[in-house]
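Peer 1: As listed in TrEMBL for this protein:
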- 26-47: region 'Disordered' (REGION)
- 30-39: compositional bias 'Basic residues' (COMPBIAS)
- 75-96: transmembrane segment (TRANSMEM)
- 102-122: transmembrane segment (TRANSMEM)
- 103-260: domain 'Sodium/calcium exchanger membrane region' (DOMAIN)
- 134-155: transmembrane segment (TRANSMEM)
- 167-192: transmembrane segment (TRANSMEM)
- 204-222: transmembrane segment (TRANSMEM)
- 242-261: transmembrane segment (TRANSMEM)
- 282-303: transmembrane segment (TRANSMEM)
- 288-426: domain 'Sodium/calcium exchanger membrane region' (DOMAIN)
- 323-346: transmembrane segment (TRANSMEM)
- 358-379: transmembrane segment (TRANSMEM)
- 385-406: transmembrane segment (TRANSMEM)
- 413-433: transmembrane segment (TRANSMEM)
Amino acid sequence: MAAPPIQQETVPWLLENGSYKVLTKEARQGHGHSHHGRTAHNMSSSSLRKKSDLTLVSKVQCGLLRSFLTNLQEVILGTKLSILFPAIPLAIAANYCNFGRPWIFALSLLALMPLAERVSFLTEQIAYFTGPTVGGLLNATCGNATELIIAIFALCQNKIDVVKFSLLGSILSNLLLVLGTSLFCGGLGTLGKQQKYDRRQADVNMLLLFLGLLCQLLPLLFRVAGGYTTVTTVAALQLSRASSIVMLVAYVVYIVFQLWTHRQLFEADEEAGEGQEEETPVIGFWSGFVWLVGMTIVIALLSEYVVATIEDASNSWGLSVSFISIILLPIVGNAAEHAGAIIFAFKDKLDISLGVALGSSCQISMFVIPVCVIVAWIAGIDMDLNFNTVETGCLAVAIITTAFTLQDGTSNYLKGLILLLCYVVIGACFFVTTTPLNQGNPMKGSVVNLGTSGSLAA
């Protein structure tokens, strides 16, 4: 009896010369995987997308105008957050018309929400054309683009506290708020049974976070043990710079591990995407690239507004800068991802939620923070990895709690609730901290950055 013919499952995957180039399933697997580098990161924000209705646009006669309008509709209206896009011109107008500074801050924060989600969408679109590995690399770099850009602008304005607070807040919000909400909602959504997930990915991420914690803990211990003298300040700074290089090396190895040697651990589940009918790119490579550059420029502009107006917003609203930086900035910057992670947890796809929360935390801890230290070093600014006593303590507790929560590979709503409550307590801690920046006695471990002011208490 003749063997049955191999079924050729065809999926249009690449646009070539304006027409679809069809790849068979086997050919796609030769390209690495059927998911053009679709990690949990992309998939979480893809849950906030909506299908664009192109019937009106398709009636436009001029080809160039039609393709431009199609792009515009896919990029601007292709997200459920598109209602927030008007905040972008409003923020720019508020800045030029000299509106109240807190207004500029609030509008800029709102405008950053859809932009962060769209950057994720555009990197995924570009990944269709570059193949899975380059797509994964793009993801790894652009995944936390908003945080990195805000941090670089804050560095340029010598607001080292804002850099440290916002990055630390991002790690805390990913580990406790996003993961906690995901486990809590997932637990409530599947009350009758226990949710399971792949522990191996979580283990790798937690190990990296512990390495990052060690690198942040040592400069602090150095300063405490040696007394706050100029000698220990210089030593802590040198240790921080050396540690940053080590962290970046570890991150590069992690990327190799994730994209090449142990790819199967990090690949988003085949069925998890729901909506695999969208396996075709909706915009071309160059238009995607141009949009990505354009959006990055807008994010940079809004980040500059956020950093410039943060103190005014703090004074006006009566909230400490540490609370705004640690709690508000990260929640807004990652809102799209957070929502996506929670949606997938409800659908019993915990691996994606974990991939988002832990992947983002690792990226900030092992990539964004050391990059900031090295950029500051190049710019002649003294930024160390000493995040002060209270902040480092919160980070350590958050990482240890998360590690214990994820150790057995199962989840329920109580675990999620405990993580959320930890976040509430940490939020309350920074809410009651009203110590103004660069004031107070650093010996008492108040929320003050010791590395910014030139004169340190001896």
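Keep in mind that glycine also has a Cβ here, set from the backbone N, Cα and C atoms.
Whatever TrEMBL says is automated annotation, not expert-curated.
Set these features in their place in the structure for me.
Peer 2: If you look at the transmembrane segment (75-96), the same-chain residues 6 or more away from its ends with a CB under 8 A from one of its CBs are 48-50, 52, 103-104, 107-108, 110-111, 113-115, 117-118, 121-122, 282-283, 291, 298, 301-302, 305, 335-336.
Below 8 angstroms of C-beta separation, residues 41-42, 45-46, 48-49, 75, 78-79, 81-82, 84-85, 87-88, 90-91, 94-95, 139, 142-143, 145-146, 288, 291-292, 295-296, 298-299, 302-303, 305-306, 309-310, 312-313, 316-317, 328-329, 332-337 of the same chain, each at least six residues beyond the ends of the transmembrane segment (102-122), sit close to that stretch.
Only residues 6 or more beyond the boundaries of the transmembrane segment (242-261), in the same chain, are considered here, and those with a CB under 8 A from a CB of the stretch are 37, 132-133, 136-137, 140, 204, 208, 211-212, 215, 218-219, 362-363, 365-367, 369-371, 373-374, 385.
If one looks beyond the transmembrane segment (282-303) by at least 6 residues along the same chain, the residues whose Cβ comes under 8 Å of a Cβ in the stretch are 15, 52, 67, 70-71, 74-75, 78, 88, 91-92, 108, 111-112, 115-116, 118-119, 122-123, 125-126, 129, 142, 145-146, 149-150, 153.
Panel annotation: around the transmembrane segment (358-379), residues 39-41, 140, 143-144, 147-148, 151-152, 155-156, 160, 163, 167, 170-171, 174-175, 178-179, 201-202, 205-206, 208-209, 211-213, 216, 240-241, 243-245, 247-248, 250-251, 254, 334, 337, 385 of the same chain, lying at least six beyond its termini, place a Cβ under 8 Å from a Cβ of the stretch.
Same-chain residues lying 6+ beyond the ends of the transmembrane segment (413-433) with a Cβ under 8 Å from its Cβ atoms: 172-173, 175-177, 179-188, 191, 319-320, 322-323, 326-327, 390, 394, 397-398, 401-402, 405, 446-447.
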Peer 1: Residues sitting near the transmembrane segment (323-346): Cβ under 8 Å, six or more positions beyond its termini, same chain?
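Peer 2: For the transmembrane segment (323-346), the far contacts come to 41, 43-48, 79, 81, 109-110, 112-114, 116-117, 120, 146-147, 150, 161-162, 165-166, 168-170, 172-174, 177-179, 181-183, 185-186, 189, 272, 306, 310, 313-314, 317, 352-353, 356-357, 360, 391, 426-427, 430-431, 433.
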Peer 1: Is the transmembrane segment (204-222) packed against any residues at least 6 beyond its ends, judged by a Cβ distance under 8 Å, and which are they?
Peer 2: 171, 175, 232, 235-237, 239-240, 243-244, 246-247, 250-251, 254, 257, 262, 265, 358-359, 361-362, 365-366, 369, 384-389, 392, 395-396, 399, 402-403, 406
Peer 1: Report, as numbers and ranges, which residues of the same chain sit near the transmembrane segment (167-192): CB under 8 Å and 6 or more residues beyond its ends.
Peer 2: 144, 147, 151, 209, 325-327, 329-331, 333-334, 337-338, 341-342, 344-348, 350, 353-354, 356-358, 360-361, 364-365, 368-369, 372, 387, 391, 394-395, 398-399, 401-402, 405, 411-420, 422-423, 426
Peer 1: Could you give the number of helix, strand and coil residues in the domain 'Sodium/calcium exchanger membrane region' (288-426) as assigned by DSSP?
Peer 2: 115 helix, 2 strand, 22 coil
